[in-house]
Amino acid sequence: MINDGGAIVVIIGAPGSGKTRAGKRLAKILDAPLIDTDKVVVASHGPISELFAEFGEEYFREREREAVADALLQPAVVTLGGGAVLNLETRVDLASHRVVQLTMSKATARLRIAGSSRPLAKNADEWEKLVRERRPLYDELSSLTIDTSLMPMEKVAREIADWLGSQQQ
Ligand SMILES: Nc1ncnc2c1ncn2[C@@H]1O[C@H](COP(=O)(O)OP(=O)(O)O)[C@@H](O)[C@H]1O
Ligand SMILES: O=C(O)C1=C[C@@H](OP(=O)(O)O)[C@@H](O)[C@H](O)C1
Ligand SMILES: [Mg+2]
């Protein structure tokens with residue numbers, strides 16, 4: 001059963017796969033608000049790399065869970081951080097939402113995450129290991145998967161919008 005009062009759609013998937021960027025485009029297409037849970041955490045608690053360095057991953061995951069729980073109640077396009085699905089309560093919540101997964105190849109990851117400040121995916125090998133472990137969760141939770149490796153962001157956003165349209169008929 002879809003929770004019609006809450007998030008319009010939730011975008012999950014690998015770090016760097018384009019969730020935040022495609023979500024922003026999608027929100028424009030739908031003329032809806034965008035909530036990126038990483039941005040919510042940063043606005044309240046400071047940069048993610050600093051939270052990891054000062055307080056550790058568990059502290060970040062707790063703050064992330066708070067942001068996710070709140071975001072899923074809002075009528076918005078919601079983009080999660082790649083590791084948000086590690087939280088069991090979040091996985092239970094996602095079962096009643098429309099969830100899209102974005103993926104990308106390792107070759108694309110090498111280009112997109114170069115020089116990024118993601119503490120758990122500092123290079124393509126770390127990224128690959130993390131995604132291999134999480135992939136079963138991403139697959140289980142999502143109803144649509146889009147490989148963004150070679151796809152412009154605008155097209156990614158359009159594909160999600162078209163899918164949402166087909167769901168509402
Ligand atoms: N479809 C795309 N084509 C090319 N570059 C992209 C695409 N989607 C995202 N990017 C780039 O990849 C990086 C990560 O995008 P982002 O939206 O932050 O991913 P995520 O939120 O999944 O970690 C950014 O530099 C962004 O400009
Ligand atoms: O995969 C992860 O564990 C993380 C992904 C990041 O978000 P994006 O997936 O938006 O890059 C951010 O939440 C944090 O660095 C941890
Ligand atoms: Mg993001």
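Glycine is treated like the rest: Cβ placed from N, Cα and C.
Unlike curated entries, TrEMBL annotations are predicted automatically.
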Identity of the substrate-site residue among Arg112, Arg132, Arg134 (reference: Asp38, Arg61, Gly82, source: TrEMBL): Arg134
Of the candidates Arg98, Arg118, Arg135, the one that TrEMBL places in the ATP site of Gly16, Ser17, Gly18, Lys19, Thr20, Arg21: Arg118
Rounded Cα separation (Å) that holds between Ser17 (ATP binding site) and Arg134 (substrate binding site): 14
Inter-residue C-alpha distance, Gly16 (ATP binding site) and Gly82 (substrate binding site) (nearest angstrom): 8
Binding-site residues near ligand 3 among Ser17, Lys19, Thr20, Arg21, Arg61, Arg134 (Cβ under 6 Å): Lys19, Thr20
Candidates Lys19, Arg21, Arg61, Arg118, Arg134: member of the binding-site residues with the richest Cβ shell (10 Å): Lys19
